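Participant: I have a structure I would like to understand better, so I am pasting it below and will then ask my questions one at a time.
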Amino acid sequence: MTVKFGTEDITTNCKTDGLTSITCIQIPNVPSSDIVITGGDSTTYSSFILTPYLLHLNNNQVPTIGSKVTIIGKFFELSVKGNPTQTLSVIVNGNQSSNLKLLNNSSIEFTMPPGQEDGEVNTIAVQSTDKVSNSLVYYYKDYVKITSVTQINQGLKINGYGFKISSDNVIEFGSLDITSSCIINSDTDITCETLPAGSQSSYFKISGSGGASNYKVLLTPVLISISKNVLNSAGEAISIVGRFFEKVDPTTSQQNVINVYIDSNPTPMQTTVQTEELITVSIVGGYGATHKVVVKTENRVSNSISYSYNPPIVTGFSQIREQFYVSAEHFSRDDMSLNKIFVNDIQVVTGISLSNNDELEFILPPTTQNGQLVLVVDGQKSVAFDIALSPIIKSFSPLKPYMDGSIAVTLNGLYFSNKNFKTGNTIDLAYSYILESDLSNSLSLTCEYLNSVSAKCINFKGYGNGSLLVTKTDGSIKLVSYLFGFNFQEPKVVKSTSLHYKQGSNITITAESFLPENLQVFVEQTECLNPVALDNRHIQCFYDASIPPKENGDSLNVTVISHSMKGTNQVLYYHDSLKCENNCTAPNGVCNEINGYCECTQQWEGIDCSIEKQTPVSPPEIKDNGDSNLQGAQINFTISIAYLRENNIMGDQVKLLDMKSIKWVNKTITGDKTSYFRGTFDNDPAIVELDVTYYKDALNYDFAGDIISIPDNSVKYVITVSNWDFDSSLNTFQLVYNAQTKKTVTTSCSTIETNSTESSVKDQSVSWFQITSGTSVLNGKFARRIFADDAVKKSSITILPSDDPLYKLLNESATTTNSYNKLTAINAPYFRNNVILDPSFSSLLRPSDGSDKCSSASWKIPTIAALCSVGGAAIVAGASVTIYKKKKFQKFEKKIKNLSVTS
């Protein structure tokens, strides 16, 4: 069997299927023709028309803009035997198109329509008249793709790919061909530096033979300039020049909302869009530099342009006492936090407020110098403005100057600085005062500049009332302080010597702040005749001693009048005729009936001059904890102030301070003779001050008119307690001393128990006590007077009974059971400021009687310790002691007004 298709023998492509059919496959690309089958009977099929058959496309990834493709296949025929008018068409995704070009019977050229790169399958087939070929699959691909468009100022930056596939690219923005305004930097990057005039929000498009892509671009406004960069602080209208101020969105024809904003203010300014390149806006008032204006179209915000308000201008500076005022322009009246004032490069940190709507009011630190002021408003500085400050006097120290000018006066105030910060020049400060009694005479003061808030002045003399001023001269500027009124100190009566009742004689008044002329002195209502100023601290006059002693035991008032200025104090007591213990073991000593103490001859000592004087030992030891160790033979005595106590009118304890709890906050040591320390308590306002002075030689000490004998090799303690907070003015105060030694002392011969005696009790007050421990003796003496708030009072000394609760408290903290303690209380009435107490203590050894051979070689006699309590201060067991400067102690002696030493 032979099969021919036209002239082409295709027998090898065919096979019989039984007796009724022949199947031919992979027929060559032959024209449609007759089919002739021979073998046996011949059969002819006339004009058999072949159906087109598609093999493949030359590119099954078609650019999305569409492109020409070549369809490769078989049996592409336009004129065939049996149908000379046969047509060809292409079916793409079901859409038929005859717009093709038949290249040959195996190739058709066809232009694919545009599509989208969406991953979907597309089909293409060929139809010849009524016969449709098989279909081929193809896909669309973006060979050119815009992925983003970014506006940079007036231009665009385009990112994507395929930008260099074609050399014939055209770039369009809306209806504008902007190819010449753009640069294709790479296959993925295009820049259009500046969009041409007329550009509006639209579609950006790039197209070429390799493909095309577009992208919607909404332009953001661009600001180029503003008509004024420095505005009035009250606000004004300006013009903004820029681009893309589009009142209508060209892509939607919808109205745009265009606003102008300042800084972070959410409220838009009053705005008028004149053109797409011009806006006028009313800028509100403000202050400071670098404010920013932006234009916002819908949610698209332009670049910003900075502007400033007029900088502040300082036009004046004035002062009313401690208040200062700056007159200025262009500062904030609504928000004071925007205004900052710098004086001499330091910011004024105190509150600045508005005064009279055109001034800023503030205060300055007391140490401020003359110099310059700069006003800064929201970051903008004014030009520096020269300023000068008037000095202000605030107070004196002491509060009142002494009439005789004997003490220096420290003036305290503001703006005393003697330097100009800006120029560095020295400023002259002059101090003067006038007296109310002589207003026409200005008196100069000699003052030492201490610092910018104080000066120390001398020669401050006068009486009555006066006014002080400071004159500050800085170049050609002279500033005068306000007058500061003051009063001279009235005479201060400190103490008086004593005399016998109804035995008139001269008395000496110790006083301060008086003038030698126009003097008068009174004891109560009786004038003390012929007063004479011996020096600036002592007045002598004749007093007839006619005023009887007060029944309540108070001292008599002494009044000093100088130039009609009067000072009074309770200071004068009459002498009591006092007996001495054992009549001073005459002839070993002589009794001083004025103070009741023995004045022993050189070979004897002790309370009653009964102990033979031995060679003194080393000075006493003042420990760091405040105890005094007084040396004996085989033992020592320890003297300390143990407690401060307040009792009510029934004698019951109201408050107790244990001196072990004191904290010494100041310690000063000067050589080996004086010491000072000052202490406070954590939970009580009481203040304790302690002065210690060592005396190598004996002397007589005048305390409030009471003469106290201090032996050789003694130590005197001056203790000040102040700020005692009484529970009631009816309560009393006690300063409790403890004298401690061993309970027993054992010699080579025997064991001796410690014992004590005291003077005869008179009105429950003792004048001395004595503790004997073996051959060691501790003597304690007590002044018969005290100072309470500078007034002289009679003292009351109590040996506390053994059942007093303080003994139990003392024993609870004891470290040994072999201790002998003797508690002595010096009692004082209620006081407001301080109390001054004056006990004294001495330690010595009894010599051997000659028959005792056990310990005579070791007998020595130390005489140690005179202990004074000033202002209620106390020596505390456990408290540290330091040496105080001689100068400080002398000052303290003057302060307490009670030291007068005679040999």
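The count begins at 1 with the first shown residue.
Even glycines carry a Cβ here, placed using N, Cα and C.
A TrEMBL annotation is a machine prediction, not a hand-curated record.
Here the structure is a predicted model, which means the values were calculated and not measured.
Annotations per TrEMBL:
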- 576-610: domain 'EGF-like' (DOMAIN)
- Cys600-Cys609: disulfide bond (DISULFID)
- 864-884: transmembrane segment (TRANSMEM)
Participant: Measure from the Cβ of Cys600 (disulfide bond) and count the other Cβ atoms within 10 Å, all protein chains considered.
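Facilitator: Its Cβ shell of radius 10 Å holds 23 other Cβ atoms.
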Participant: Measure from the Cβ of Cys609 (disulfide bond) and count the other Cβ atoms within 10 Å, all protein chains considered.
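Facilitator: Cys609 (disulfide bond) is surrounded by 26 other Cβ atoms within 10 Å.
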Participant: For the domain 'EGF-like' (576-610), give me same-chain residues lying six or more residues beyond its boundaries with a C-beta closer than 8 angstroms to one of its C-beta atoms, as numbers and ranges.
Facilitator: 498, 706-709, 711, 759, 767-768, 770, 777, 779, 781, 784, 844, 861, 863
Participant: Calculate the per-residue pLDDT averaged over the domain 'EGF-like' (576-610) and state the result as an integer.
Facilitator: 88
Participant: Going by DSSP assignments with H, G and I as helix and E and B as strand, what are the residue counts for the domain 'EGF-like' (576-610)?
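Facilitator: Per-class counts: 5 helix, 10 strand, 20 coil.
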